[in-house]
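**Q** Mind having a look at this structure? Questions to follow.
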Amino acid sequence: LPLLLKATLLRLASGSYRPFYNGFYYNHIMNDNEDGQDKVDYFNGAKLVVETSKDPVYSYNGANVTLPCHYRYEPDLGPKRKIRIKWSKLRDDYTKEQDVLVAIGKTYMAFGDFKGRAHIHQASRHDASLVISDVHLKDDGKYRCEVIDGLEDESDVVDLRLQGIVFPYQPPRGQYRLNFHEAEQVCQDQGAILANFNQLFQAWSEGLDWCNAGWLADGTVQYPIRLPRKPCGGVHLAPGIRSYGPRHRHLHRFDAFCFSSALKGEVFYLDRLAGMTLEEAKQSCQDAGAEIARVGQLYSAWKFLGLDRCSAGWLADGSVRYPIVTPRANCGPAEPGVRSFGFP
């Protein structure tokens with residue numbers, strides 16, 4: 001070990017050592033003039049500015065969306081330089097969660113679930129906008145656009161929000177039967193995902209009032225209250241989101257708040273005078289070239305397509321529900337909503 005250390009020190013002192021350099025990640029940093037000396041360009045004399053949309057960008061499940069990002073130099077440096085662009089998806093607290101894409105010039109690499117769905121727009125000079133195709137429910141969130149030119153590194157954040165609806169979900173076994181991982185699964189089974197706090201808050205601001213606590217995507221358990229009352233935190237608490245905070249993801253059991261976005265297809269009602277069992281309903285849907293709807297799809301059709309039907313029907317999970325846009329006699333309460341008969 002002493003001999004190895006001595007040899008390394010001698011090599012450094014001799015000037016033959018070359019610093020590690022990855023040309024894909026840091027272009028134009030090291031400039032070797034073949035004279036045995038490395039020259040480092042620390043600052044090019046111009047300020048790099050990166051700007052994204054200050055307003056949220058709205059989209060929906062299955063759509064294509066562009067997250068705008070542009071950069072410039074002050075003063076302008078003239079012809080377009082070969083810079084590195086990196087997009088990352090962030091947590092709500094702005095900590096890095098997931099690498100989305102890295103690009104230099106026309107060469108780029110997308111990562112994880114974004115492979116085959118993400119690329120740089122580059123419609124004009126200094127354009128670093130991110131294009132996401134076939135938007136997924138879990139794409140909702142904050143994204144950082146980072147531009148790197150040598151040692152200059154600037155970034156900005158843009159918020160992608162999916163137009164959707166939050167709905168509470170209980171399994172056939174009844175209230176408070178789901179741990180966190182089971183809650184994730186039941187939402188997926190209903191064509192949805194676990195809602196995040198921003199989605200639940202938006203639903204609350206639009207009128208969602210639900211006294212049963214449910215899991216959210218970050219592992220916390222919360223519930224939205226519009227009308228304070230004794231069983232729901234007390235009459236003296238203001239309206240808002242009640243929180244139990246983070247819970248044990250395996251041991252603790254609650255309901256789930258699921259999030260579903262707009263539909264790619266259509267939900268329609270199949271009627272039979274004699275009625276149908278659940279299995280007969282599934283088969284009738286197949287005979288019609290479709291599949292029996294899931295709970296998230298029914299909620300989406302009610303909210304975004306105005307589906308209004310006073311007749312109850314089977315859904316894939318074995319529940320019986322019907323959507324009401326215009327409340328009327330013999331169709332349940334006086335407000336719009338998706339009515340449920342539970343699990344017959």
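Any Cβ shown, glycine's included, is placed from N, Cα and C.
Okay, these came from TrEMBL:
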{"type": "DISULFID", "residues": "CYS211-CYS232", "note": "disulfide bond"}
{"type": "DISULFID", "residues": "CYS310-CYS331", "note": "disulfide bond"}
{"type": "DOMAIN", "residues": "46-158", "note": "domain 'Ig-like'"}
{"type": "DOMAIN", "residues": "165-260", "note": "domain 'Link'"}
{"type": "DOMAIN", "residues": "266-344", "note": "domain 'Link'"}
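Give me the local environment of each listed feature.
**A** There are 14 other CB atoms within 10 A of the CB of CYS211 (disulfide bond), with all protein chains counted.
Packing around CYS310 (disulfide bond) is summarised by its Cβ count: 14 other Cβ atoms lie within 10 angstroms of its Cβ, all protein chains included.
The average pLDDT for the domain 'Ig-like' (46-158) in the predicted structure is 90.
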**Q** If I take the alpha carbons of CYS232 (disulfide bond) and CYS310 (disulfide bond), what is the distance between them in whole Å?
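**A** Answer for this pair: 30 Å between alpha carbons.
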**Q** Among CYS232, CYS331, all listed as disulfide-bonded residues, which has the most CB atoms within 10 Å of its CB?
**A** CYS232
**Q** What is the interatomic distance between the Cα atoms of CYS211 (disulfide bond) and CYS310 (disulfide bond), given in whole Å?
**A** 25
